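Enquirer: Attaching a single structure in structure tokens format; questions to follow.
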Ligand SMILES: [Fe+2]
């Protein structure tokens, strides 16, 4: 298999290399021939939002993404508008209802702004669906071709937690801007001179919040239906504040490009952050998306200047001698991390830098993480305690604690 074959189109277009992806998102070698449900990587994260026209502007101006494609009433899509944005290998699709009877409007009323589809690129849609069906998955869309003058995309969709789906997309015979029905569109946002080309390069992981007592069921779903494997890191009762807790396990695709931590609330004295999510989202859904950057300091500065709010980290976190001893030498001086509230975690493989935004919509549901990996393949387990305490202070501010 040539080096080119192992990059996705998006990664090639973003001029990302295999070595860079190993570092950015922990990509590992994997033989798809032995995989019952081979997954190449992420295809797109599709959102239903209250106002896609304005959300597109938000992701452009504050997240440094670029609009690349569009579908809507002007292109024959009467029901809703869809904006496609990219940053490196990350693709977001924002759906907003035009027709009040649109299913996008129903979804938004039930869930608020949220992820409807975590679409995955697969080399063989039919083989994946056949395997998924045999393992009991709900097939929402049978494999079918969609074509236009740019070629043909084969796609299908299976259901996952809540009202979330996984579209399975094979775009190897397609060279259009996104999917048939979309037209290329250029960003109209004028960036200041000297602005960075992009603020993040790749999607690292998408976390799902599921119902109390159902985490192992969903871990089993990903293992059985999609051939995913457990990653070592898991969070149990040992990681909890006095009041609220969660349990978490991580499953990953064979090449580790696609990683899904799954959280469930743990029984606690107070309402946990997962309970708050489940209440306000109206059930299970995607909790946070981790965006991989190779310059977290520059990214945080650019996003903060554009008005993005990050969870504050207490000074005590950085002054803790045990933490200083544990994290050792990192690329950025601790003072620089502290000035921005960036967290550090280290394990036997290396370290990572991470920071979390406040929820980016009206409801206390979905938010983002920025992550800069230096060898560590973890998810910041060492930071969970400090992080939970920060999240609980935020919950209390909202009156949900
Ligand atoms: Fe995360």
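The backbone N, Cα and C atoms fix where each Cβ goes, and this holds for glycine too.
So TrEMBL has the following annotated:
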- 205, 288, 369: Fe cation binding site (BINDING)
- 41-171: domain 'VOC' (DOMAIN)
- 202-358: domain 'VOC' (DOMAIN)
Enquirer: For the domain 'VOC' (41-171), how many residues does DSSP put in helix, in strand and in coil?
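Expert: Helix/strand/coil tally for the domain 'VOC' (41-171): 32 helix, 63 strand, 36 coil.
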Enquirer: Using the Cβ center of 205, 288, 369 as the Fe cation site position, which other residues in that chain lie within 8 Å, going by their Cβ?
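Expert: Leaving out the recorded residues gives 204, 206, 207, 261, 287, 289, 290, 291, 356, 368, 371, 379.
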Enquirer: Need one number: mean pLDDT over the domain 'VOC' (202-358).
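Expert: Summarising the domain 'VOC' (202-358) by its mean pLDDT gives 89.
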Enquirer: Compile a sequence-ordered list of residues in the same chain as residue 205 (Fe cation binding site), six or more apart from it, whose Cβ lies below 8 A from its Cβ; state 'none' when nothing qualifies.
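Expert: Looking at Cβ-Cβ distances below 8 Å from residue 205 (Fe cation binding site), excluding near sequence neighbours, one finds 250, 259, 260, 261, 289, 290, 379.
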Enquirer: Long-range neighbours only, meaning 6 or more apart in sequence with Cβ under 8 Å: which ones does residue 369 (Fe cation binding site) have?
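Expert: Result: 204, 288, 289, 290, 291, 354, 355, 356, 357.
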Enquirer: Just to be sure I understand the packing, how many Cβ atoms besides its own are within 10 Å of the Cβ of residue 288 (Fe cation binding site)?
Expert: 22
